[in-house]
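As recorded in TrEMBL, the features of this protein are as follows:
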DOMAIN    A:67-255  domain 'ABC transmembrane type-1'
TRANSMEM  A:20-41  transmembrane segment
TRANSMEM  A:62-89  transmembrane segment
TRANSMEM  A:101-124  transmembrane segment
TRANSMEM  A:136-159  transmembrane segment
TRANSMEM  A:179-198  transmembrane segment
TRANSMEM  A:210-228  transmembrane segment
TRANSMEM  A:234-258  transmembrane segment
Amino acid sequence: MSSAVLFDAPGPKTVARHRIYTAVAALGLLALLAFVIWKLYSEEQFAYDKWEPFITPRYLTALLEGLLTTLQMAFTSVLGAVGLGVVLGVGKLSEHGWVRWPAWAVVEFFRAVPVLLLMIFVFYSYGISRGDSGAYWSVVIALTLYNGSVLAEIFRAGVLAVPRGQAEAAYAIGMRKTQVMQIVLLPQAVKIMLPAIISQCVVALKDTSLGYAIAAPGLTVVGTRIYTNFQNQVPTVFVIAAMYIAVNFLLTLLATYIQHRLVGEKSPLDLTRVGNMQGGENTGGAGGLV
Amino acid sequence: METVLDNLDDVGLAFAYTVLLFVIAGVLSLVFGTLLAAARVGPIAVLSKAAALYVSVVRNTPLIIVLIFFRIAGPKIGLKFNFVDITIGDVRLNNLFTACVIGLTVYTSTFVCEALRSGVNAVPLGQAEAARAIGLPFSGVMREVILPQAFRASVPPLASVQIALLKNTTVAGALGVFEAFARMRTLTNKNAGDRIEIFLTFALLFVILVEIVSFAANRLERRWRVAS
């Protein structure tokens, strides 16, 4: 608990003071909330016709289909990214310089380049003449390359997190390098990495929305079509955001559950150096070389 | 390389916008994120819950939705930022730019808050207990013992957050700020044949920017590292 580090157990005076602070803070927050609601109300954002699309079956179906496409894009790219991540991660751990350095370069490059640049490049190279499915696959390919390189780092960290004695013991009973990796290190590493991989799904899911820039299908683009039609920008943004938040929240719950189930209370894989926040992480020599 | 060389001014201008977005949103997000973190780890339960709610809502929303909110939905409810109109040379900072800066700040500050909180959590409880045991008052415990350690521990995650912000500035390009991504899209659109060198140019410039931030962060981290 952070509060235990920061604050001693409060005495009676402090408790009384905190009560006053709590009351003031609660009032302030309520006032803020009231102001936001009043503002929305006075700008007529609660008008029935602004919310009508979201109780009309046709548009609801469109939204759910958009969500489904988004999920498909996210999971296709995560599947691809896991494959790519394993290849690059093993490459980075290789003993041969001619495997390790190219793998390192690829990982560093794709982690440092913004996904949007990648997306637009793939789109103009491949997707532009193929209509909707071209845009769809441009998003998937760009996300696969990006998340693949992030997962390569996660993967490498996972393998390195397996206690050294495991590999040493495997070598001692006469296993070959590939056997050690496949039979001993990988199964244990996957267990450690699984929560991080699921967190990466959240990142991928959020990044699919960048398909907006190339009009790829998905929840965000369905949203933009709805608000262009009905001029109900504010309600649409709220609804779309709520849908993304709900799905991401479920994924986070799943990651926490698996964390407890597989890794136990032990601290999760330290990925500060890998970083799995949206579109982001530490790149450069920092994560890769040390 | 001709396309890029012919349009060197535009490329330079585009990266000026990118760097401006990054620096302004970076500083603002550090300030706002620190306030959020203070509320989050503070003793007032109401503020802590409110900050936690804010962080989990904004963090799970895609950045582009946040930007669409400030850029497209905002003007419908009076969030117009029309009072901003600064011109420096060829760079024009208008309401579009401001909306994107605010959006990036709102989004990034949640990650800053979490990075700082992880720093506070990294301080062992024994440190605080020992500081109190030798009779340091609250301000002394904070100033001399806890905050220095917490701050140092949060440098690496803060650096990751800022690098992510640098890359996330491209999303502003999808919403009308003419920074690197928007410029690359226009150039590629006009010169589809040269798309590979255009992409490589922009990508390498981004790699260089990321390396600069990463290098600076590494130096700071090395200088401030907690002796262990």
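Each Cβ is built from the backbone N, Cα and C atoms, and glycine gets one as well.
As the structure is a computational prediction, the values presented were derived from the model and not from experiment.
If you count C-beta pairs under 8 angstroms between the transmembrane segment (A:62-89) and each of A:101-124, A:179-198, A:210-228, the highest count goes to A:210-228. Of the candidate ranges A:20-41, A:136-159, A:179-198, A:136-159 contributes the most Cβ pairs within a distance under 8 Å of the transmembrane segment (A:210-228). Contact count against the transmembrane segment (A:101-124) (Cβ pairs under 8 Å) is highest for A:136-159, out of A:20-41, A:136-159, A:179-198.
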